[in-house]
Amino acid sequence: METGTSVSNNNQSIRNDSYEAIKNGSWFNQFRNGCNPWMARYVYGLIFLIANLLAWAARDYARGALRKVTRFKNCKGGENCLGTDGVLRVSLGCFLFYFVMFLSTLGTSKTHSSRDRWHSGWWFVKLIMWPALTIIPFLLPSSIIHLYGEIAHFGAGVFLLIQLISVISFIQWLNECYQSQKDAERCRVYVMLLSTTSYTVCIVGVILMYIWYAPDSSCLLNIFFITWTLFLIQLMTSIALHPKVNAGYLTPALMGLYVVFICWCAIRSEPVGESCNRKAAASNRTDWLTIISFVVALLAMVIATFSTGIDSQCFQFKKDENDQEEEAEDDVPYGYGFFHFVFATGAMYFAMLLIGWNTHHPMKKWTIDVGWTSTWVRVVNEWLAVCVYIWMLVAPLILKSRRQTPSGT
């Protein structure tokens, strides 16, 4: 028994040494041997970016290239594989790839397991699997693609919910770092400076939105959106500063920045030609500013998906110190299953952005997330973010009172 145990320990030690050698080696060795999960996430992010570019090309510039798909009977000469349908087909292929990865990596806990090697390696297999899964949707009838488009509305909503929870968790984590006992005195000035700056930017942003998107009293909807955002900032600040909550100025200030940004995105998504959206009317022609805005929005969406995917801890309960001590060195650095699930829902999300959340309305070139449906999705997302943040503030008090009620009776 001792000999067997010794051999097992030696094999484990050899695997650890081999893993460290590959991990600390060149990028080519890491890609070829595939044993570095930190490198793997960048490859998956690159694949996701390429899928976004393919979907955009299928929408705006694929008419000449897709003439060759006339042999696919479901494309009907390319007509059903262009525009909105083209975006949905590319999105479905991307979704299938990441959903397969989600199912095959869910529950991975150790870096030396077979599923870890599948997540971090086997790239040549994946470079065959991904194009194959991208081509398959072009062989499917339009009815299935339209059904996927309806399901993608729900999947994109799930992605937005995951994203806002991740953002709120990061804001709370940042606040806890500043309020730690060791750095409380030293960081107090920085907290006040950051909070003041955030509130100032919020006020400036609200004023600019009134000037740009509510030029006269007839713009009632935009006035409502902006005024309600200002009210939500005041509400979050009041609850956060309540003596029983005592969350400080930092978190409501940063949340104020977040909701002002979402409100700005919502109004920007209003269709071109609306009299109350002068910025949209000014950008009706395709110029360099429009192109740069499109590219920035596309990259921001990819980066948001990437950063959210590695933040699986935002859905975990706080661990005790004993649990943290039990974490082994060979534990996976992030949840692989959650990572691929976020990218799978992100595939649905980028499809909704490129078609304006409307499967029956064509989008103009170099536009993204434009239309009344897009506007209301953003507005509801803003309100939901405020509700989630307020719940995170008051939930400990509610749960504490419920625990104390039985003991009192």
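Cβ coordinates are placed from backbone N, Cα and C, and glycine is handled just like the others.
Curation does not apply to TrEMBL; its annotations are automatic.
The annotation transmembrane segment is assigned in TrEMBL to 42-62 (among others). Listed as Cβ neighbours of the transmembrane segment (42-62) (distance under 8 Å, sequence separation of 6 or more from its ends, same chain) are residues 31, 81-84, 86-87, 89-91, 93-94, 97-98, 101, 123, 130, 134, 298-299, 301-302, 305-306, 339-340, 343, 346-347, 350-351, 354-355, 363, 365-366.
The transmembrane segment annotation in TrEMBL covers 82-101 (among others).
Sequence annotations record features per position, and here TrEMBL assigns transmembrane segment to 121-140 (among others).
Here TrEMBL flags 152-174 (among others) as transmembrane segment. Within the chain carrying the transmembrane segment (152-174), a Cβ under 8 angstroms from the stretch's Cβ atoms is held by residues 88, 91, 95, 250-251, 254-255, 258, 304-305, 307-308, 311, 313-315, 342, 344-346, 348-349, 351-352, 357, 377, 381, 384-385, 388-389, 392, all 6 or more beyond its ends.
Nonlocal intrachain contacts for the transmembrane segment (189-213), taken as residues 6+ away from its ends with a CB within less than 8 angstroms of a stretch CB, comprise 178-179, 219, 222-223, 226, 229-230, 233, 248-250, 253-254, 256-257, 260-261, 263-264, 267, 276-279. Look at TrEMBL and you will find 189-213 (among others) tagged as transmembrane segment.
If you look up TrEMBL, you'll see 220-241 (among others) marked as transmembrane segment.
The feature transmembrane segment is assigned by TrEMBL to 247-267 (among others).
Under the heading transmembrane segment, TrEMBL lists 288-310 (among others).
The transmembrane segment feature in TrEMBL is assigned to 338-358 (among others).
Taken from TrEMBL, the feature transmembrane segment covers 379-399 (among others).
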Check for me, if you would, whether the transmembrane segment (220-241) reaches the transmembrane segment (82-101) - at least 3 Cβ pairs under 8 Å, residues 6 or more apart in sequence.
no
Where else in the chain does the transmembrane segment (247-267) make close Cβ contacts, counting only residues six or more beyond its ends and a cut-off under 8 Å?
167-168, 171-172, 174-175, 178-179, 191-192, 194-196, 198-199, 201-202, 205-206, 209, 213, 222, 225-226, 229, 232-233, 236-237, 239-241, 277, 369, 374-376, 378-379, 381-382, 385-386, 389, 393
